[in-house]
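Worksheet for the structure shown next.
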C-alpha cells in the first residue's frame, strides 16, 4: 500500500527528490517612539520630570525651579522668605485682677529682596535672601573656575605649585618670565583698587538680573542675548560648572594640607601610590 501526501506550496520536485522552499513571512517593523524631545546623540532622551538634588525628596515651596540650576537644595531653609509675627499689645492695667497678653494678630511675609545703590557694601535688603544667595554662589563659582584653571596652568608652565606662589612673589614680581618693577605691597594695592573698584561699580546696579548677567561687552559673541531658551541653558551650564569648580578647589586645599603639594604634585603622588600598590 502506498500513501501519497499533498505537496505543500513552494515545494519543487527534482529527480525523485523533494526540496522545500519556505514561504516568505510578513514582518512588521517596529518604530521606536519617545515621549521626550531629542536634542542630543543616539539614545538621548530629555528628562521630563522635576530634577531634584536627591531622589525621593520634595521641592521646597520657595524654590519653584525658575532659577538656573535650581534643584530644590535648601535642607536648612536658609533661603526661606522671612515671616514676621504681629502680636497685639498686652493689657497693662495695674488695677485689673488679671492682664491678658497680646495674641497673634497676623503673620506678614517680608517683601522680596530689594537692591539699593545707596549702600554699595551691602546692597541687598535681606541678608539671608534667595536673590543674594544666588548672586554670591554665582560670583564665588566664577572665581573658583578661574582659580582651578589658573592653578593648573601656572603649575604646568612654571613648575611652582599654587601653594608656593605667594613666596615666589616675595622674591620679586614677574610675569611671563619678565620682572615687574613692583613690590608685593604695591601689587596688593593695585589689586585692591582694580577689583574693589569693579565691585563698587557692579554694586551700583539695582537690577538683580543684570548684577549677575550684565551682558553687553561681557557677551561679545552674542551667545545669550537673543534666544531666552538658549540663554537659560547656558546659565544652567555655567552654575553647574561653577559648583563643580568650588568643590574642586576645596579639594585643592585638602590636598595641600595633607600632602603639602599643589594640584599637579598631589596628582603625581596619588599616581605613584597606585603604581606602587599603596593605594591612597
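Each Cβ is built from the backbone N, Cα and C atoms, and glycine gets one as well.
It is 176-196, from the ranges 92-112, 113-133, 176-196, that Swiss-Prot records as transmembrane segment.
Per Swiss-Prot, the range carrying the annotation transmembrane segment out of 143-163, 206-226 is 143-163.
Range 1-42 is the one annotated as region 'Disordered', of 1-42, 43-84 (source: Swiss-Prot). Residue 241 (chlorophyll a 4 binding site) sits 12 Å from residue 140 (chlorophyll a 2 binding site), taking the C-alpha atoms as the reference points.
If one looks beyond the transmembrane segment (176-196) by at least 6 residues along the same chain, the residues whose Cβ comes under 8 Å of a Cβ in the stretch are 169-170. When secondary structure is read from DSSP and collapsed to three states, residue 241 (chlorophyll a 4 binding site) falls in the helix class.
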